[in-house]
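Accompanying notes for the structure given below.
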Amino acid sequence: MLGYNEKLVLLKLNEVKKARIEELVKLTGLEQVAIMRALLTLEKEGLAKISERKERIIRLTDLGRKYIQMGLPEIRALNVLKSKKKVKLDELRGVLTEDELKPIVGILRKEGWVKVEKTPEGLVLEITERGENPEERPIDKALKILSEKEYATSEEISKIVPINELKRRKVAQEEEVVERIAEITEKGVELVKKGIELKREVTSLTPELIASGKWREVEFKPFNIKAPVKKIYPGKKQPYRVFLDKIRRKLIEMGFIEITVDSLIETQFWNFDALFQPQNHPAREWTDTYQLKYPEKGYLPNRELVERVKEAHERGLAGSRGWGYVWSPERAMFLMPRAHATALSARQLAKGIEIPGKYFTIQRVFRPDVLDRTHLIEFNQIDGFVAAEDLTFRHLLGILKKFAIEIAGAKKVKFFPDYYPFTEPSVQLSAYHPELGWVEFGGAGVFREEMTKALGIDVPVIAWGIGIDRLAMFRLGIDDIRYLFSYDLKWLREAKLIW
């Protein structure tokens, strides 16, 4: 069904058969946007067709429009000469700018409008007979045409004056435009012959229409509710931050207490030694961790705790023989960007916990690695532990499986035996990603008694450290971990928020 605008455009097209969009604007009085919308509907119905052609056009510049109002510099200079007959060049400064004054003698002489005389006081210009009665020049004709419409074709103007002359004088510019031409089809002509009633349409039912009863007489414009509309991108939270907030809420709802900390820097004591990781372990070397150049060292905690950790390393605790080496407090003082969030679990255990108790933290950690779609050198890790009497390894597997399925949305989960200096037994958690295959989430285990006893804990503690960025990959349906920290507007706009 055709609306008012479509009918109006079709009737006008029937009168002229073919017209440019600009011509239809004048014929119908409609805006160009409304005409294009109407033509697209008519074309879809086979009543009109739209063709395009590229064309070079000439349009006035800002300087050109200024000269239309004031006159070209040579015309203004000539007007002064007509009244005074003879003037010094300096006398023209009142009507011309410095930029206009520089070429003015050459232009006036070329046109034959003046004679130039050199005097001790400077150049003197005297008007000629030709200057008294100047003919209209090609450039004047071209500017007059351009002043009467928005633009003219290059072909039209080039017949009057060389385009380069207009460009050189910076009064006009040449552009390439796409010209759209509408033409009525035979089907459109036949429809007009049958008769078209041009009746204004109403787009909304107002209280006035109802009260007056005129709603019975007017024609309401039909709306296509399936028509595509322009997408709107309102303010939106960063998808990954929303995911992290959801994890926090879920864990707190499950009774976990969050461990918060401001610093990204740890001493090796908390990152390694308190976790019963020997000082000669390869994971402490530059290939696996970063070190601070300045300041190089930090402070150790209270002496009693340091002595217990030293004893665990050198001679062992809880029936263990330890690592059997001389532990160095100097080595433990070196500062480093945190390599894993388990360092905060050790801090919390030493600080004191509720028993039974459940704790977690989400922290930024740093490790040397090769950047790819599943690895970053700076990433987030969720670390947690549960301390209670009678806890077993099977309790840990149950928590990990719940993490992978309920939080990450993984369909398949696997556990692999693993090794960590501070847990025994230890396990690796992996989940299946439809694009990447099996992806490692992180490690877990039961904290060794050499660690927990040194930190003052006498009950079993099950713990895990999981790359939460990889959990987010599953939940947000992406196959490149770098998207989580990306400025890609397309992804940020289209990514679903996980509440």
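From the backbone N, Cα and C atoms, a Cβ is placed for every residue, glycine too.
Just so it is clear, the model here is predicted, and its values are computed rather than measured.
Sequence annotations record features per position, and here Swiss-Prot assigns L-phenylalanine binding site to Thr342, Gln381, Ile382, Asp383, Phe422, Phe447. If you look up Swiss-Prot, you'll see Glu424 marked as Mg(2+) binding site, on the strength of sequence analysis.
Swiss-Prot feature annotations superimposed on the structure.
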residue: Thr342; record: L-phenylalanine binding site; DSSP (3 states): helix
residue: Gln381; record: L-phenylalanine binding site; DSSP (3 states): strand
residue: Phe422; record: L-phenylalanine binding site; DSSP (3 states): coil
residue: Phe447; record: L-phenylalanine binding site; DSSP (3 states): strand
Review point. Roughly how many angstrom lie between the C-alpha atoms of Thr342 (L-phenylalanine binding site) and the residue listed as 'Mg(2+) binding site'?
Key: 15
Point to revise | Lowest local Cβ density among Thr342, Gln381, which the record lists as binding-site residues, within 10 Å | key: Gln381
Revision key, fill the gap. Least Cβ-packed of the binding-site residues Asp383, Glu424 (other Cβ atoms within 10 Å) is Glu424
Review point. If one looks at the chain holding Phe422 (L-phenylalanine binding site), which residues at least 6 apart in sequence have a CB under 8 angstroms from its CB?
Key: Leu275, Phe276, Gln277, Thr342, Gly445, Phe447, Arg448, Met451
Review point. Given Gln381 (L-phenylalanine binding site) and Glu424 (Mg(2+) binding site), what distance in Å do their CA atoms have, once rounded to a whole number?
Key: 21
Practice item. List the Cα distance (Å, whole number) between Ile382 (L-phenylalanine binding site) and the residue listed as 'Mg(2+) binding site'. Key: 20
Check your understanding: Counting every protein chain present, what is the number of Cβ atoms, excluding its own, within 10 Å of the Cβ of Phe447 (L-phenylalanine binding site)?
Key -> 26
Check your understanding: Considering all pairs of residues in Thr342, Gln381, Ile382, Asp383, Phe422, Phe447, annotated in the record as contacting L-phenylalanine, what is the maximal C-alpha distance expressed in whole angstrom?
Key -> 18
